[in-house]
Ligand SMILES: [Cu+2]
């Protein structure tokens, strides 16, 4: 009903506008210039507007750089990050220089050579030399940028297995992340979403011995200066694992395993103490303090003060609570990392606990459901299908 009323109001407004324009038309003085051809006055106005437009664009660009420059990410916290940032900087710098020159000239000439009664346009058919110059320069520049980009890309994407990276699975589902460490053997156990049951949230295959020492956690810890190979898996829809501080992002696709490798170089603590982060945290907390005063006045609970932590975000709009899909990342020294990992329970022990609990309830009179057994057999087929898909993906890499 509201929509219908809005449509009627808009239609009536349009009719009113049309009627008013007719009134203006009729109320014009009979000697007014009604010609559709632009005169000197029109051309001058258009020339000035063209010039004003380009000045406006430049002023607003400078203002944005100055005002919003503080929202740039800090120095990259991964080994490949500086390569990525340099590529980005070179591309943007080139684009900016070329755009300032070409757009400046375009708008200035529109003003300078505006139409005038006394001026006559020069007839100029073509000039091979000029055309050659403005074709060959962009070709060389663009080819250079593309080749530079390709080299950087292959540098970043090719996993160096000689460095023996630590294998970690990053698992996405609506709407959270889990990480699975490969354990002592540095090999992840096979997994399939069809094995998901009870505490086995990630669907790790219980029959695969590689999975027994895997550790599933809700917080991603990484040892500093050690290469990590991430294997991404999704339970439901397409997600995207975005590590802004490490300049890394990878699609997380249901039914296949994607991968990305990087080496963190700055610990969480070092990043917290950097000048950039100290300023940032201070300004966030100033905003929070202001808000807290309002909240306290209304008698509502106040916000905690902010402390920086690295995080992993989802960068694909994957559903209603997509915005909430993040996981804390802690980069720390190898000793701290090992101590933390030591405390985490293995998948084998978690499953043993669950089976023990289940055994106790079954003793009290539980019986096996034949339907669930059938489903179990079915899932083995699916599992082998997924394994094949995974093998294909790995071969391609
Ligand atoms: Cu998501």
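Cβ coordinates are placed from backbone N, Cα and C, and glycine is handled just like the others.
In TrEMBL, annotation is done automatically, which means it is predicted and not curated.
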132-151, 152-171 - the one TrEMBL records as transmembrane segment: 132-151
Range annotated as transmembrane segment in TrEMBL, from 88-111, 184-207: 88-111
Candidate ranges 6-24, 45-68, 132-151 - greatest C-beta contact count to the transmembrane segment (88-111) (under 8 angstroms): 45-68
DSSP-derived helix, strand and coil totals, residue by residue, for the domain 'Cytochrome oxidase subunit II transmembrane region profile' (65-160): 69 helix, 1 strand, 26 coil
